[in-house]
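Notes follow once the structure below has been shown.
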Amino acid sequence: MAADDSLLPIAILIDELKSDEPLRRLNSISRLGLIAQALGEERTRAELIPFLSENVDDEDEVLLAQAEQLGNFVPYVGGPQYAYLLLPLLETLSTVEETVVRDKAVESLSKVGSTMPDSHACEHFVPILKRLGSGEWFTSRVSACGLFATAYPRCTPMLKAELRQLYANLCRDETPMVRRAAAQKLGGFAKVVERDYCSRELMPLFTDLTQDDQDSVRLLAVESCGAFALALGQADATSNLLAIVHKFAQDKSWRVRYNVAQQLVQLCEALGTEVTRMELTPNFVRLLRDGEAEVRVAAAGKVSAFSKLLTVQQIVTSIIPCVRELSMDSSQYVRAALAGVVMEMAPVLGKQLTIEHLVPIFLTLLKDVYPEVRLNVISKLDQVNQVIGIDLLAQSLLPAIEELAEDKHWRVRLAIVEHIPLLASQLGPDFFQEKLGPQCMKSLEDQVASIREAATRTLQKVAAEFGPDWAREHLVPNVLALIKNPHYLYRMTVLVAISMLATIVSQDVLCNLMLPVLTTAAKDKVPNVKFNVAKIMEKLAGLVSRSVMESAIKPVLLELCEDQDMDVRFYARQALYACDHAASA
C-alpha cells in the first residue's frame with residue numbers, strides 16, 4: 001500500500017501529459033525525468049518516447065520544455081547505446097515554426113549526439129542531419145546548420161565530404177535566414193574541419209558570406225572571424241582574413257561595424273600582436289571615431305583589452321587621443337562604456353604616463369552629468385590605486401570623491417560608501433578620521449535605506465582594519481551619539497551599526513558603552529526600534545559573559561515581553577528563549 005501511495009504523484013503526472021489544459025501538460029513535461037525514472041528504462045523506451053512522438057502538435061511553451069528535457073534524457077532510456085531513440089522526436093521539434101523551440105531542439109540534438117558511439121552517429125545522427133539540411137522548409141535547413149560541428153568529427157572520410165558539400169549548399173541557400181544560420185555556425189564548423197579543407201573549401205564560403213547582400217548575414221559572418229583565424233593558423237589567417245576585416249570595419253551597415261568592434265580583440269589575439277600592431281590598429285581607431293554612437297560604444301568598451309596588445313608608444317600616439325575625444329563624446333552611453341574600462345589601461349601605461357594622460361580623463365569622467373558614467377568610474381578606483389599609489393590618488397581624486405559623496409543620485413553615493421574601506425585601508429587611520437570618517441557618519445543618516453545599510457557594513461570593515469582600540473576612541477562614540485536622532489529610521493540604523501561593531505570591539509566597550517545605549521533604546525516609543533533592540537540583544541547574548549547576560553540583557557528582554565505591541569513581545573520572547581538555551585548549554 002505504501003508503495004502505491006508513493007507512486008501516486010507519478011501517476012498524476014502521467015495523466016497530466018494527456019490533459020486538455022496546456023498548463024497541466026507543461027507541468028508534467030517539466031518533470032519528464034521523474035516520470036521516466038518511475039517507468040524505468042524499458043518502459044520509457046517502449047511507451048513514453050512513442051507517446052511523446054505522437055503528441056508534438058502542442059503549445060510552444062510545452063514543446064520548448066519537452067526539447068529541453070530530452071537533452072538530458074540519455075540516462076533514462078538506457079545510456080548512449082539507446083540514445084538514437086531520442087533523435088526522431090528531436091528531429092521533429094527542430095522543424096517547428098517557433099525559433100526558440102527549434103534552437104533548444106538543436107541544442108538537445110547536439111547534446112544527445114555527442115554521447116552516442118561513433119557507429120551510431122554515422123548510422124542515425126548523420127541521416128537526420130542530411131534530411132534537415134535538404135528539407136523543403138527553411139526551418140529544417142536552419143536547424144541543420146547547428147548540427148554539423150557535432151556530427152563531423154564522428155564520420156568516415158566519405159561522409160565528411162558529403163557534409164562539407166551539404167554545408168556549402170546551405171551557405172548558398174536562396175533563403176537569407178538559412179544563409180544567416182550558416183554564417184553564424186561556420187566558425188564552430190571550421191574548428192572541427194581539417195585545416196587543409198578549412199582553407200580550401202570553407203574559406204571561399206566564408207568570403208562569399210562576407211559579401212552577401214543582406215547585412216544580417218554579413219554581421220553574423222563577422223562572428224566567425226575569430227574562430228576561422230584559430231582554425232586556419234596564424235599564417236593562413238593573416239593572408240586570408242586581413243582584407244576581409246579591413247572591409248568589414250568600413251562596411252556600410254553600422255550593425256556590421258558594431259559586430260567588428262565587438263569581435264576585433266578576439267581576432268587580434270588569434271592573429272598575433274605583430275599583425276595587430278601593424279595592420280589592425282588603424283581599423284580600431286576608425287571604429288573609435290565611427291559616426292554611429294552604437295559602434296563607438298562597442299569600441300570604447302574594448303579600449304583596455306585592445307591596448308594590452310599594443311606597445312606603450314602606440315597607445316600614447318594612437319589610442320589616447322581617441323580616448324580623450326570619447327571622454328567628451330556627445331553620447332552618454334559612449335562615455336559610460338569608456339568609464340568602465342579606461343582605467344584598466346593604467347597597468348599597461350605605468351605610473352608616469354597614467355598620471356599624465358589617464359588621470360585628467362578620469363577626473364573629467366568623474367564630473368560627468370550622467371550618474372551612470374560617474375558610477376562606472378568609481379567602480380575602478382582600486383585599479384588606479386595599484387598603479388599611481390594612494391598618495392597621488394588622494395591628492396587628485398579625493399576632492400572629486402568628496403563631491404560625489406553628496407551626489408543627488410543615490411547609486412553614486414552608494415558606490416562611494418562601498419569604496420571607503422578600500423581607501424581607508426590604503427590611506428591609514430589618520431586620513432580616514434580627517435577626510436572619510438565624517439562622510440561615513442553622514443551616510444548613516446542618508447535618506448536612502450541601502451546607503452545607510454552600506455554605511456554600517458563600511459564601519460564594520462574599517463573597525464576590523466584599524467582594530468578595537470581605534471574603534472573605541474574614534475568610531476563608537478560618534479555612532480552612539482546618533483541614537484538621539486528624532487527620526488526612528490535613523491535610530492534603527494544606529495542599532496544595526498552597534499550589532500555590526502559588537503563582534504569587533506572589546507568586552508569593555510560592549511558592556512559599558514553599547515549595552516547602556518541599547519537599554520535606553522528599549523524604552524523607545526516606536527515599536528520597530530524596540531523589537532530591533534530585542535533582536536540585537538539575542539545576538540549580543542552570545543558575546544558577553546553569563547553574569548552580564550543575567551544582569552543587563554535578561555531584565556531588558558523581560559520588560560519587553562510585557563510590551564503592548566505584539567511584535568515586540570514576539571521578538572523579546574524569542575531572544576529570551578535563545579538566552580536561556582545558551583545559558584543551559
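Note: Cβ is positioned from N, Cα and C throughout, glycine not excepted.
Residues annotated as repeat 'HEAT' in TrEMBL: 86-124, 163-201, 202-240, 241-279, 280-318, 319-357, 358-396, 397-435, 436-474, 475-513, 514-551, 553-585.
Within its own chain, the repeat 'HEAT' (553-585) is flanked in space by residues 515, 518-519, 522, 527, 530-531, 533-535, 537-538, 540-542, 544, 546, which lie at least six positions past its ends and keep a Cβ under 8 Å from the stretch. The DSSP breakdown of the repeat 'HEAT' (514-551) into helical (H, G, I), extended (E, B) and coil residues amounts to 28 helix, 0 strand, 10 coil. Helix, strand and coil residue tallies for the repeat 'HEAT' (163-201), in that order: 33 helix, 0 strand, 6 coil [DSSP]. When Cβ-Cβ distances below 8 Å are used as the criterion, the repeat 'HEAT' (86-124) is approached by residues 49, 52-53, 56, 60, 63-64, 66-68, 70-74, 77, 80, 131-132, 135, 137, 139-140, 142-143, 146-147, 149-151, 154-156, 159 of the same chain, each at least six residues removed from its ends. Long-range neighbours of the repeat 'HEAT' (241-279) within the same chain, counting only residues 6 or more positions beyond its ends whose Cβ lies under 8 Å from a Cβ of the stretch, are 206-207, 210, 215-216, 218-220, 222-223, 225-226, 228-230, 232, 234, 286-287, 290-292, 294-295, 298-299, 302, 305-306, 309-311, 314. Break the repeat 'HEAT' (280-318) down by DSSP state and the numbers are 29 helix, 0 strand, 10 coil.
For the repeat 'HEAT' (436-474), the model gives a mean pLDDT of 87.
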